[in-house]
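A.B. asks: Quick paste of what TrEMBL says about this protein:
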ACT_SITE  Cys74  active site, proton donor
ACT_SITE  Cys74  active site
ACT_SITE  Cys217  active site, proton acceptor
BINDING   Asn13, Gln45, Asn65, Gly75, Asn76, Asn156, Asn190, Glu208, Arg209, Gly218, Ser219  substrate binding site
Amino acid sequence: MKTPFSKMDGLGNQIIVADMRESTQALTVQAILALSADPAMHFDQIMAIHKPTKNKADFRIEIWNADGSKAKACGNGTRCVIAWLTDHDLGENFCLETPAGIIEGSRQSDNLISVDMGCPNFNAKEMPVSREIVDTNHVEITAGPLKDACLISIGNLHAIFFVENDLQHIPLEKYGPKLEHDPLFPERCNISIACITSKKSLNLRTWERGAGLTQACGSAACASAVAAYRRGLTQRHIDVNLPGGILNIFYREDDHIIMTGPIKYQFSGFLNPLTGCYKKDLS
């Protein structure tokens, strides 16, 4: 079975968009791990497009991490899906059925891709966490210099640590895995460090659950913007500066989070969803 795919780049977030709508075979963990091990195909997430199961949705999206685990949300991956759908003349505005719920997105007149990531969840009982937490805006969890996290779910759980100095002096590759697997998080967690640069911007680095250090993480950008606003550090509408580029995040007064940014294609082709074998389209 040949499954069409495109390797895409969402600000350095490496995404594979796979068109599974007509596939009779499901993606296997074996195929995912084989693709992840290939230097040319290495990715952060696979966004598999399926036919919808809900009337409101245009398509259903299944999300896989590079380690073979499933994810509930991927902001940059969703933007890549929206771009792929518009470029294949499948519409202009979309409602996508995801594990985190219905997500809407569209291509803007400036060719940037916007996605409504829905509303953040601050309820600790729904995150989930292993102990009672009274205030998710200030959670005591420590690794090296990192402490006092803000916990937010954007369909997937994020812990945001605010630091005062440049982010590069904190070895996130050291503290990220420890915090991701902290006993507080029975389903693991995305870990980010953020530095406020003005009322309208912040810098961000993320250790992504199941993927490790990434150049960009859309849901982490959303979570950090909301966390900064909740703590009175920024306005509702800010730029989040990531190693891979800038995402514009608007935390609207109706509680919805709008994420906007660019994407680009690397190459396309066909893959075998059972084995991960693939062939680039050279036409």
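Along the chain as shown, the residues are counted starting at 1.
Placement of Cβ uses the backbone N, Cα and C atoms for every residue, glycine included.
A description of the local structural setting of each listed feature is requested, covering burial, neighbours and distances.
C.D. replies: Cys74 (active site, proton donor) falls outside any helix or strand according to DSSP and counts as coil. Sequence-distant neighbours of Cys74 (active site, proton donor) (same chain, six or more apart, CB under 8 Å from its CB) are Ile15, Asp44, Gln45, Met47, Ile63, Gly218, Ser219, listed in sequence order.
Around the Cβ of Cys217 (active site, proton acceptor), the same chain contributes Asn13, Gly75, Asn76, Asn190, Ser192, Thr206, Glu208, Leu242, each under 8 angstroms and 6 or more positions distant in sequence.
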A.B. asks: What is the one among the binding-site residues Asn13, Asn65, Asn76, Asn190, Ser219 whose Cβ has the most other Cβ atoms less than or equal to 10 Å away?
C.D. replies: Asn76
A.B. asks: Find the longest CA to CA distance in the recorded substrate-binding set Asn13, Gln45, Asn65, Gly75, Asn76, Asn156, Asn190, Glu208, Arg209, Gly218, Ser219; express it in Å as a whole number.
C.D. replies: 17
A.B. asks: What three-state secondary structure does DSSP assign to Arg209 (substrate binding site)?
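C.D. replies: Once the DSSP labels are grouped into three classes, Arg209 (substrate binding site) ends up as coil.
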